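Presented below is the structure to which this report refers.
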Amino acid sequence: MQAQRGASGPAPATAEAEGEPPPAVTPLPMKQMAALTVVLLTESIGGTMLLPFVPRLIADLLSITVEEAGYYSGILVGLFMLGQVVSSKLWGFVSDRYGRKLPLATGLLAGAVAMFFFGYTRSFVACCVLRFLHGIFNGNVLVAKTMIADITDRTNQAKGFALLSITFGVGSLFGPFIGGFLYNPSSKTYLAWLAGGSLRDFFDTYPAFLPSLVICLYTLVSLAACVVVLKESNTHRIRFRDTLLGRTLQQWRGRLAAPSSPAHRGGDVVIVPGVELGSPKATADGAPDAAATPAAAPRYTLTYMGAMRIVALRNITMFYMLLSASDMTFAEILPLWGNAQRRYSGMGLTENTVAVLLLSYSIPSVIANLYFHHVCVCFDNRYIVFLRSALAVYTACTLAIPLGSQMRLTAGYLYVMLLGMGRQIGLSWGYSLIHMLTATTAPVGCVGAAYGISQSMAAATRCVVPFVVAPLFAWSLREGHVFPFNYYLVFLVSAVPTATAVCMSFYFDITRSEDSAESEDSAGEADVVVHDGAKATVLPSHRPPCSGADGGERERVDRDSAYASLVASFCSNPLHDAYVDVSEMERENTLLARERQHRCAAAVAAPVAIATVSAPRTPVVSPRAPLMAEQRRCVVAVDEEELLPPLPPLPPLAPPPR
């Protein structure tokens with residue numbers, strides 16, 4: 001076991017240091033990436049489309065002023081995040097168990113329906129309900145993250161995960177543009193050809209219908225791309241024919257086909273229900289051949305407590321929550337501050353100028369993520385230093401932006417635009433690093449669940465922030481408050497979480513190297529302990545006890561070495577630490593697997609009785625690894641060096657009496 005590295009992050013051993021050529025960079029699967037880009041854009045476009053006109057929409061629905069709408073805008077934004085909190089863990093579990101495309105297509109279809117009816121309502125309560133349902137059925141982001149992790153490897157992972165921030169930047173460019181320029185088309189002169197005449201009264205009644213309809217149509221296009229172009233990346237999912245519903249349908253289909261099948265006479269062919277003709281798994285009696293059936297991949301459920309026991313994953317989730325809280329605070333107050341009048345220290349902008357301001361922020365975001373993998377190389381893959389620098393830039397720009405309201409209108413507008421661009425660069429790099437490191441530290445076979453847990457906890461902070469920040473901003477606009485309790489207060493609140501994250505980065509590690517030694521001795525999800533009374537060996541939880549077939553191990557050996565560190569480990573590869581000596585860990589895990597397999601086989605075939613642990617007997621375990629109730633199974637008393645000696649031969653039988 002390697003020694004724990006410092007908080008600045010381990011410097012991975014490069015091939016150049018060993019005198020070997022660097023590994024070839026695997027090209028990205030462009031067809032899959034293009035489809036994922038189309039799908040991911042729906043999330044960012046649908047989320048940012050509301051920002052330019054949220055205050056005016058609420059003011060129109062509730063017949064109040066734009067300044068008073070700040071008390072209610074947080075409800076409309078926060079309910080979407082609340083829906084994600086409720087459902088993110090579920091969609092992560094579904095994507096790990098039943099495949100990635102099912103939750104992805106479900107989220108797209110529900111999003112299209114929710115966006116259509118969102119624009120076709122005049123009730124504030126109905127808008128809130130639709131946003132909440134949209135958040136519940138929205139599994140696009142976390143499933144798409146998992147698919148990117150599935151189809152990339154160690155050599156191109158930075159490019160793949162930069163796609164997340166690139167699509168968010170592009171979506172942030174088109175989302176405010178669509179919302180700001182298409183909202184209330186009856187009042188726009190450049191949309192008079194569309195919203196004039198008989199449609200004028202309709203768009204006066206439903207001012208948000210046109211942008212909602214555009215987003216709905218694009219979401220349906222994304223749904224078609226998901227169904228037709230995207231390929232399922234979870235190779236260890238439970239297929240539909242293996243589920244209870246699938247088996248039931250096969251049985252009914254066989255029963256319906258039974259009357260038309262020929263009777264069993266001599267050499268006649270018998271149609272066996274539920275078994276495909278020509279299947280190598282079928283035997284004479286119609287049952288699948290056990291020897292021909294491959295061993296199913298082990299499946300584990302990653303719980304919230306189990307995820308928080310992984311130190312690196314817990315730290316990354318904390319950084320994600322802090323950055324999400326700060327980003328949500330800024331995104332919530334920027335349109336309110338931009339629409340507020342100058343006498344209240346606002347910018348006095350219209351929804352069109354706010355849309356242009358938000359559009360300008362997405363340009364540096366796209367450029368920054370195009371060079372994300374190059375910046376990772378410049379930091380020598382010391383991700384904690386990179387994250388600290390990105391968050392520091394983000395915090396400094398956030399604190400300086402509100403000073404633009406004290407300048408003249410044009411100068412202040414350009415000032416806010418330039419500093420917002422710098423803030424967006426730090427934000428994009430921070431999100432890209434967090435997404436990539438979450439995939440790196442996720443347990444084997446639980447990448448979707450890890451993303452679900454991470455996103456649900458981040459969504460919880462995003463859910464709370466609008467309910468607090470929007471009323472706080474409306475209160476701060478009142479006259480009589482001194483600095484910093486005036487308009488500057490909410491920007492200060494927005495910078496506090498990321499400033500805290502910068503300080504935490506000096507003491508917290510975000511790599512698996514810190515966690516690997518602890519996770520082997522901790523009370524993990526399903527650790528299996530084999531002992532001989534003198535010493536104990538804690539085997540990783542992804543190695544089930546006494547496995548009859550070691551298909552996962554053979555698949556790991558046959559897999560290309562480039563997949564040995566990050567992405568391929570999500571299915572069957574035990575090397576889910578990209579920062580350790582891969583060759584040494586690979587050799588140790590192979591020897592452990594073979595030794596344990598031989599030990600279990602010998603225990604079954606030995607002529608002596610091998611004692612298993614029963615309830616009254618407690619196994620000898622490391623004090624840092626107490627066995628949980630569900631882990632007390634098949635703890636076999638076997639020596640580490642050799643098998644138990646066989647019983648002495650029985651004496652020969654005496655001759656029978658005459």
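Any Cβ shown, glycine's included, is placed from N, Cα and C.
TrEMBL labels come from automatic prediction, so no person has curated them.
Model, not experiment: these values are computed from the prediction.
Noted in TrEMBL for the protein shown:
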- 1-16: compositional bias 'Low complexity' (COMPBIAS)
- 32-513: domain 'Major facilitator superfamily (MFS) profile' (DOMAIN)
- 1-24: region 'Disordered' (REGION)
- 33-51: transmembrane segment (TRANSMEM)
- 71-90: transmembrane segment (TRANSMEM)
- 102-120: transmembrane segment (TRANSMEM)
- 161-183: transmembrane segment (TRANSMEM)
- 208-230: transmembrane segment (TRANSMEM)
- 318-338: transmembrane segment (TRANSMEM)
- 358-379: transmembrane segment (TRANSMEM)
- 391-409: transmembrane segment (TRANSMEM)
- 429-452: transmembrane segment (TRANSMEM)
- 459-475: transmembrane segment (TRANSMEM)
- 487-508: transmembrane segment (TRANSMEM)
Recorded stretch that, among 161-183, 208-230, 318-338, 391-409, has the most CB pairs under 8 Å to the transmembrane segment (102-120): 208-230
Sequence-remote partners of the transmembrane segment (358-379) [C-beta within less than 8 Å, at least six residues beyond its ends]: 48, 51-52, 158-159, 161-163, 165-166, 168-173, 175-177, 180, 334, 385-386, 389, 417, 420-425, 427-429, 432
PLDDT averaged over every residue in the domain 'Major facilitator superfamily (MFS) profile' (32-513): 78
